[in-house]
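Database features, via TrEMBL:
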REGION    1-22  region 'Disordered'
REGION    109-155  region 'Disordered'
REGION    186-301  region 'Disordered'
COMPBIAS  190-202  compositional bias 'Acidic residues'
COMPBIAS  209-225  compositional bias 'Polar residues'
COMPBIAS  239-257  compositional bias 'Polar residues'
COMPBIAS  264-283  compositional bias 'Basic and acidic residues'
REPEAT    694-728  repeat 'WD'
DOMAIN    701-970  domain 'EML-like second beta-propeller'
REPEAT    823-864  repeat 'WD'
Amino acid sequence: MDSSTNSLDDASADGSTDFPDRASMMEVRLQAQEDEITLLKSSLADALRRIRLHDQLLPLLKQQLIAVNPGAARVLNHVCCSDGCTGSKRLSSSSVVDGIHHPATSQLSDSIVTNANGHIGSPVSMMPRPRSATLDRSTQTEPILPGQDNGQDRVPLPMRIQSLQLEDALPPGQPLVDGTRAKLHRAPGLEEEDEEEDEGGGEQEKELSWTSSVEEPIQPTTIRSLQREDRDGSCSPEELSSASVRTSDSNLSSRSGPLSPIQEGEKKPLVRRNSEKLGNPERQRKRLDKKAASSANLLTRSPSLENRAKELVAGAGSPGSRRGTYSQEQSIKMFIRGRPITMYIPSNIQNYEDLKMELPSERLELDWVYGYRGRDCRANLYFLPTGEAVFFIACVVVLYHINNRTQRHYHKHTDCVRCLTLHPDKVRVASGQTSGVDKDGKPLHPCVHIWDSTTLVTLQQIGLGSFQRGVGSVAFSFADSGAFLCVIDDSNEHMLSVWDCNKGSKHAEIKNTNEAVFAVEFNPSDSTNIITCGKSHVYFWTLTAGQFTKKQGIFGKYKKPKFIQCFVFSLTGDVLTGDSEGNILTWGKSAADVKTLGKGAKETLQIMRQTRAHEGSVFTLCTLQGGALLSGGGKDRKIIRWSADLAPERECEIPENYGAVRTIADVDGEELLVGTTRNAILRGTFSDGFVAIVQGHVDEMWGLATHPSQNIFLTCGHDRQVCLWNTEEHKLDWCITLEEYGLCAGFCPNGSVVSVGLSTGRWMVLDLLTREVVSESVDGNEQLSVMRYSPDGSFLAVGSHDNFIYIYNVTESGRRYTRFGKCNGHSSFITHLDWAKDGKYIMSNSGDYEILYWDIAAGCKLLRNRFESKDREWASYTCVLGFHVIGVWLEGSDGTDINALCRSHSERMVAVADDFCKVHLFQYPCPKPKAPSHKYEGHGSHVTNVCFTHSDSHLLSMGGKDTCILQWRVIQAGVGDSRERLASASSASTSSPEPATS
């Protein structure tokens, strides 16, 4: 039945867009028919078992009675005659009085008849076929007696009663194994009843209950003796004839007799099922009560098709609600990738259709950005005269005041920012982004934004629809006060284009090279000269009347490096480049070689000087006001200060845990800002050293947990770092490095320890103060996905990708863990789980969109009846599938579109992390599809996790590949903004509000 239901559910999902009601109706009809068939099968099996027991007991009792008292045959025959021998159906071979009368075996048996296919048939005619007399002794028939109809015949005595067997319902040709014959006679739902009866009886009762269905025939000697005794005159032919006719007529009128044509042969005395046990009325009463209860349950589970169809019509819902169907059975069904998910409506919701989904009264405002993108971007750190450092991560350009420790944010980009440059006026900023795709997979056009760093207002949008894949490098011209902007995109040809900043129009464009391009700059003294560098090349471009001419740098006798990483202009006009060989090369113009190349020879740009600077690559060069030069190394992590003639003056080495030097920004000639390859920004001097003012993860993040009582949270990811952050001071408290990468985390309710789940099935518990590992364990060999403590901290649930949930007893304030049990029942990996408020139950989701409930107190028992959990209250709500969060799923979601969600502690709102770089804020609960939400942008990758702080004052969201943590301030609705709330309620979603510019 499960397979047919699933196939129908799949069909319903496929056609639910156009025919939601029709598909649901078909599904309900099929389910109702299956329930009715199950009920009929159960009743039929019970009737067959009753008949079998009668067939088995009667011949044995008869033989025992005759063996003990041979005279009993006459008594039995006399009883048959006094009861009215039904000679028309059960007559002996030699005389009518030879037959033994058998009344109806039971009322239930006489009310059911089955055909060869096992289906319920109509009553069969009581009229037997006429049969000619034979001379065989064992099958001889007598002439018709006076008073009998000619169409009625005699039935031979040795022919035994043909009791209905279960094999009658089997397909033709399918054998029944003898060893399993007794088992097949047991009806589903009545096994416990038989076991209870067998426990109270003796060995003889058990033998009688489970005896073989092969009947012992009455021996011929016994038949002959009965015949002789009957001939002696126990009943006259006339009396027998009249009695036979009366009995036949009474049987025809009193009972419909569907079993009469089948039960031919011997006549049995009326014997009840397990009649030997009728002496114990108490046991019989208990048995009947139990059977009545089981039958009532079966009938309750199988409502009629008519009633279920009426319920479907009454609660079919709106035609546009494709993803949910509602019925008066208080359940709603949604479909994800063709799979139906049934959720039961809580009792406190009286009319589901009348529920109205509204926007939450709370809003989010971007408060802080944790992280910096230095691992794969260059020249992305500048210092403004306002005392702010400008850098970017994900889709946000951050303006961080290094003294006041405050942030402002420019977040008008729709995808990840890749490059940044500062206008000569030190106010305007240009930032370029990648292309990206929208939620439907359509590409978004990359562009460059020119914006005011004081007001955060966008001044110009450059090149929308002109660039391919993304913008790799940008630069303002200097000689003409920044009138032009040079852009290199990420296409295969790395197109070089120059744009008019005021008009936003393209001035010139040319193909650059198929190799990677790392940097572009205008000559500070001549805006017609542009230089680009990258893999194995340095190009000198001249722009004249909208046309480019290119000259390639000649390495000559010097080794050609694999990469030219960066370059700057010296005060003398020379070009200084840093390469992957660790050298600083000085480029200059040389006179034309007329002797070698002739009169048409032109001047060339070649290496004038090579200076050994670093071990490994030279990642960045920075010129100071006095003409001095700063260089940053890769492998040696050194910052070296050079004089104007490239003589080393001072140097320092940054700590290894921050990585290599990516870029350098001058603050005041002495103090520096240093961006590193491990996504940190350092501040310091050569004499005092450097300290980190910005830090972040360097690889994909998944684990996020907030402290139950303090304003701190913990993160972990693929970079094997576990970091503890402070939401008030906006800083990293501590960070440790593990041997394996972490994927999930959870704080103990007492707040002293935190557990971290790793990628190998191992998990550890860390002390927040000492950072020491206080406990460690391994569950399976696959990655862990959830670490969740019970509300009182007495249990820890560990969800794994091996489909199990491991439960641990927690003692000694979260420092000792012992295995309590394992939840086994999911068919796919665990994705989310939550504890009930009483700490006894768990709700869990899996990778195949399954919702299961577990009774932990009863030994991690799976609750088969999910209806019982519909009113249970949950201490947290992070499961993405559930009745209370149906509305968070967008139309057409495929099941992986939502990575995480989190309900606020006030239970007023729920935040959602989706696969399209968005954070949504819904009201809670939101049990109806297409619920409206506030939508917030900022992440440049799939949002992997969201979590509210303990006081609901902030929401934390975490990006995947963008390695960015965004801290959102929760803005409560005020009295004065009622007009704004009414306006926002008319739309389905809103963009994030412009942050304050303080």
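Just so you know, glycine gets a Cβ as well, placed from its N, Cα and C.
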Take the repeat 'WD' (694-728) and find every residue of the same chain, 6 or more past its ends, with a Cβ under 8 Å from one of its Cβ atoms.
368, 370-372, 375, 391, 393, 400, 659, 678-681, 734-747, 749-751, 754, 756-757, 766, 768, 787, 944-951, 953-954, 956, 958-961, 963-965, 967
By DSSP, how many residues in the repeat 'WD' (823-864) are helix, how many strand, and how many coil?
0 helix, 22 strand, 20 coil
Summarise the model's confidence over the repeat 'WD' (694-728) as a mean pLDDT value.
96
DSSP says what for the repeat 'WD' (694-728): how many helix, strand, coil residues?
0 helix, 19 strand, 16 coil
